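Here the structure comes first, spelled out in structure tokens, and everything after it is commentary.
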Amino acid sequence: MAEENKILVTHFVLTGLTDHPGLQAPLFLVFLVIYLITLVGNLGLMALIWKDPHLHTPIYLFLGSLAFADACTSSSVTSKMLINFLSKNHMLSMAKCATQFYFFGSNATTECFLLVVMAYDRYVAICNPLLYPVVMSNSLCTQFIGISYFIGFLHSAIHVGLLFRLTFCRSNIIHYFYCEILQLFKISCTNPTVNILLIFIFSAFIQVFTFMTLIVSYSYILSAILKKKSEKGRSKAFSTCSAHLLSVSLFYGTLFFMYVSSRSGSAADQAKMYSLFYTIIIPLLNPFIYSLRNKEVIDALRRIMKK
């Protein structure tokens, strides 16, 4: 009889970062500025790469694709956050919730693989510079980008598809600022063990595989740089990798802290902050990390501005 009286939940409520009424307007302004800078930075970088023929090379095609993934990651989360800051209705349908997670998850996974192929590009450029034009053609670069996005979309599609096997009747409140799939498992009436197991297996494989590939690539790169006799050559080689290495460190460093905080039972607010950095701050920083000290990007910007 109790089973019959259960009401199935079809809409969820996102609690957001805080329920304090006095903070809603200031937070809206802060995250609106962050979101606008993120879009201008990433979409501007994409437009610059598309517009300037000097940047039609593999590394910048990868960089443009990374900028697109960052813009999509930020948009999938921040746009709904901004609406919720000003709206009293924080309701979200199951379909919209699944869609939000799908686009966030697919672009986050894509970014893992884009960082790997960018490291491979740097490996070929530094370890085999004479073969670089042959090995890293624009067509191969396009294939790498396509494969990265395909894996990202497929990975998210699997988890979103399995999400619809669950029913929700305990609560419709998600104590988070976006539809994070693990938060949905907490309020599921159906046993989510299969879903959790598959997320752990897929995520562990993707993150360990991509991280170890990055470690191996940079081990070879570092070895090749240290073998260079010219200090100027070593300095130039380090500078070509520094931006990517910083981006990788931020990306996987945040993932590591998110994992440690979840395993140690840290406060929910602390977990939110790590997730906030991963979903909103990294997409904000990336275009500036790759652009501010990049002579080719700055020169391209000057050429466009002169026109």
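In case you wondered, yes, glycine gets a Cβ from its N, Cα and C as well.
When secondary structure is read from DSSP and collapsed to three states, Cys179 (disulfide bond) falls in the coil class. According to Swiss-Prot, the feature disulfide bond maps to Cys97-Cys179.
What Swiss-Prot records for 1-28 (among others) is topological domain 'Extracellular', and it gives sequence analysis as the kind of evidence.
Counting residues of the topological domain 'Cytoplasmic' (50-56) by DSSP class, helix then strand then coil, yields 5 helix, 0 strand, 2 coil. Positions annotated as topological domain 'Cytoplasmic' by Swiss-Prot, on the basis of sequence analysis: 50-56 (among others).
The average pLDDT the prediction assigns to the topological domain 'Extracellular' (78-99) is 89. The topological domain 'Extracellular' annotation in Swiss-Prot covers 78-99 (among others) and rests on sequence analysis.
Same-chain residues lying 6+ beyond the ends of the topological domain 'Cytoplasmic' (121-143) with a Cβ under 8 Å from its Cβ atoms: 56-59, 61-62, 217, 220-221, 224-225, 237, 240-241, 244. Feature annotation from Swiss-Prot assigns topological domain 'Cytoplasmic' to 121-143 (among others); the stated evidence is sequence analysis.
Using a Cβ-Cβ cut-off under 8 Å and counting only residues 6 or more beyond its ends in the same chain, the topological domain 'Extracellular' (165-195) has close neighbours at 6-9, 11-17, 76-77, 80-81, 84, 92, 94, 96-98, 100-101, 104-105, 159, 268, 272, 275-276, 279. Among the features that Swiss-Prot reports, topological domain 'Extracellular' is placed at 165-195 (among others), with the record citing sequence analysis.
The topological domain 'Cytoplasmic' annotation in Swiss-Prot covers 217-239 (among others). For the topological domain 'Cytoplasmic' (217-239), the list of distant contacts is 116, 119-120, 122-123, 126-127, 245, 293: same-chain residues at least six beyond its ends, Cβ to Cβ under 8 Å.
Positions annotated as topological domain 'Extracellular' by Swiss-Prot: 261-271 (among others).
According to Swiss-Prot, the topological domain 'Cytoplasmic' annotation covers 293-307 (among others).
What Swiss-Prot lists as transmembrane segment is 29-49 (among others). If one looks beyond the transmembrane segment (29-49) by at least 6 residues along the same chain, the residues whose Cβ comes under 8 Å of a Cβ in the stretch are 55-56, 60-61, 63-64, 67-68, 70-71, 74-75, 78-79, 81-82, 85, 280-281, 283-284, 286-288, 290-291, 297, 300-301, 304.
Residues or ranges marked as transmembrane segment in Swiss-Prot (evidence: sequence analysis): 57-77 (among others). Counting residues 6+ beyond its ends, the transmembrane segment (57-77) has Cβ neighbours under 8 Å at 35, 38-39, 41-43, 45-46, 49-50, 100, 103-104, 107-108, 110-111, 114-115, 117-118, 121-122, 125, 136-138, 140-142, 144-145, 148-149, 152, 177-178, 279-280, 282-284, 286-287, 290, 296 in the same chain.
Positions annotated as transmembrane segment by Swiss-Prot, on the basis of sequence analysis: 100-120 (among others).
Residues annotated as transmembrane segment in Swiss-Prot, with sequence analysis given as evidence: 144-164 (among others).
Sequence annotations record features per position, and here Swiss-Prot assigns transmembrane segment to 196-216 (among others).
Taken from Swiss-Prot, the feature transmembrane segment covers 240-260 (among others). Distant neighbours of the transmembrane segment (240-260): 111-112, 115, 118-119, 122, 125-126, 207, 211, 214, 218, 221, 266, 271, 274-275, 277-278, 282, 285-286, 289-290, 293-294; these residues of the same chain sit at least 6 beyond its ends, with a Cβ under 8 Å from one of its Cβ atoms.
Under the heading transmembrane segment, Swiss-Prot lists 272-292 (among others). Nonlocal intrachain contacts for the transmembrane segment (272-292), taken as residues 6+ away from its ends with a CB within less than 8 angstroms of a stretch CB, comprise 17, 31, 34-35, 37-38, 41-42, 44-45, 63, 66-67, 70-71, 73-74, 77-78, 104, 108, 176-178, 180, 243-244, 246-247, 250-251, 254-255, 257-258, 261, 298.
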Next on the checklist: So if I exclude everything within five residues of the ends of the topological domain 'Cytoplasmic' (293-307), which remaining residues of that chain have a CB under 8 angstroms from its CBs? That is, six or more out.
Outcome noted: 45, 48-49, 51-52, 54-55, 60, 239, 242-243
Checklist entry - Could you count the residues of the topological domain 'Extracellular' (78-99) that DSSP puts in helix, in strand and in coil? => result 15 helix, 3 strand, 4 coil
Checklist entry - Counting by DSSP, what is the helix, strand and coil composition of the topological domain 'Cytoplasmic' (217-239)? => result 20 helix, 0 strand, 3 coil
Item to check | Residues of the parent chain within Cβ reach of the topological domain 'Cytoplasmic' (50-56), under 8 Å, 6 or more residues beyond its termini | outcome: 64, 138, 296-297, 299-300, 303-304
Next on the checklist: Can you work out which residues elsewhere in the same chain, 6+ from the ends of the topological domain 'Extracellular' (78-99), have a Cβ less than 8 Å from its Cβ atoms?
Outcome noted: 10-17, 24-25, 27-28, 31-32, 34-35, 38, 160, 163-164, 168, 174, 177-179, 184, 280
Checklist entry - Could you count the residues of the topological domain 'Cytoplasmic' (121-143) that DSSP puts in helix, in strand and in coil? => result 17 helix, 0 strand, 6 coil
